[in-house]
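**Q** Below is a structure I'd like to ask you about.
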Amino acid sequence: MVLEAVLLGIVQGITEFLPISSTAHMYILAKLLNLHVPGRFFLSSVQLGTSFALILYFFKDVKGIISETSRSIYSFIQFGIRQKQEKRNEYTRLGLLLVTGTIPVVLLGFLLVRFVPDGFFSAARNLFTMGVALIVFGLLLGFADALFRRKKGNIFQITFIESVLIGAAQIFAIIPGVSRSGITITTARFLNFDRQLAVRFSFLLSLPVTFIGGMYGLVAGPDTDYYSLGYSLIGAIVSFVVGLLVVSALLRIISKTTFVLFVYYRVLFGLFLVIVSFF
C-alpha cells in the first residue's frame, strides 16, 4: 500500500502541472498496475500536496498578493485612495485578476453539481473519452502555441475580461483527459500571453480552486477510500516534493522551447487509449 501511495503521489506531482491531464494518468496507472482506484479523500490529499508546492514556489507572489491587496482594500476604505508603489499595484492587480478568474469557474461548478446528474461524471471516466479529450485539447494547445505569437508578458497587459475567460475555461477540466493547466494555458496562448506568463497565471489561478477543493475533500471526511489517512499523507508529501521539482523544471523548459513535446505526447497517449478502449 505504501508503494501504491508513493506511485500515485509521483503521478499527481508530475501530471498536475504539465498540460497532460493528471486525472487520466492517475486512472490509467491504477488500471494498468491493478491498483485500487483512489477515492475522494486520497485525491484531495495529493491535490493539497501539489497546491502547497505551488504556494512554496510562488511564495513571493502569494505573499505579495495577500498583503498588498489587503493593504490596498484597507487604504481604499480608510482614505478612498490606492497605494502608488508600482510593485504594490502589480500585486493588487494580480490579486483582483485571480479573483475575477476564480468567480466564473466557482459559479459554473456550482451549476454543474446542482443540475448535472452524477452519472454524467462517472460515465465520462472511460478510456475512449479520455483519449479523445487528450487528442482534441492537445491539438488545440499546439494550434494556439504555434499561431498566436504576439508577446503579452506583463501583468498590466492582462484585462479582467481575459482573466474571466481563462478562469471559465477551467470548467472543461471536469472532462477526464482535458487537463486544467492545459486548458488554461491554451486559452492564455489564444489571448496572446507569452509562455512564461501563461504558465505563471495558470498556476496562480489554480490555487484558489484546487486548495479550497482539496480542503473540502478533507473536511468532508474519509469516504470508503482504500487509502487510509496515513497513506493519504504519504501521497500528499510525495506529490508536494515531486510537484515542486516539476514546476521549477517546466518554467525553465518553456523559456527555451514550445509546448510541442506535450502536444505530441497527448496525441500519442490519446490514440493509445482510444485503441485500447475497443479491446
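Just so you know, glycine gets a Cβ as well, placed from its N, Cα and C.
Sharing the feature lines straight out of Swiss-Prot:
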TRANSMEM  1-21  transmembrane segment
TRANSMEM  39-59  transmembrane segment
TRANSMEM  96-116  transmembrane segment
TRANSMEM  128-148  transmembrane segment
TRANSMEM  155-175  transmembrane segment
TRANSMEM  201-221  transmembrane segment
TRANSMEM  231-251  transmembrane segment
TRANSMEM  259-279  transmembrane segment
**Q** Is the transmembrane segment (39-59) packed against any residues at least 6 beyond its ends, judged by a Cβ distance under 8 Å, and which are they?
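**A** For the transmembrane segment (39-59), the nonlocal Cβ contacts are 5, 8-9, 12-13, 16-17, 26, 200, 203-204, 206-207, 210-211, 213-218, 220-227, 229, 231-233, 235-241, 243-244, 247-248.
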**Q** Considering pairs 6 or more residues apart, do the transmembrane segment (201-221) and the transmembrane segment (128-148) have at least three CB pairs under 8 Å?
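**A** Contact criterion not met.
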**Q** Against the transmembrane segment (231-251), which of these stretches has the most C-beta pairs under 8 Å: 1-21, 96-116, 128-148, 155-175, 259-279?
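**A** When the Cβ pairs under 8 Å are tallied, 1-21 comes out ahead.
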**Q** Can you find at least 3 Cβ pairs under 8 Å between the transmembrane segment (259-279) and the transmembrane segment (96-116), where each pair is 6 or more residues apart in sequence?
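**A** Contact absent: fewer than 3 Cβ pairs fall under 8 Å.
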**Q** Any chance you could find the range in 1-21, 128-148, 155-175 with the most Cβ pairs under 8 Å to the transmembrane segment (96-116)?
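**A** That would be 155-175.
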**Q** Which sequence positions outside the transmembrane segment (1-21), separated from its termini by at least 6 residues, show Cβ-Cβ distances below 8 Å to it?
**A** 29-30, 33, 35-36, 38, 42, 46-47, 49-50, 53, 130, 133-134, 141, 176-179, 181-182, 185-186, 203, 226-227, 231-232, 234-247, 250, 259, 262, 265-266, 269
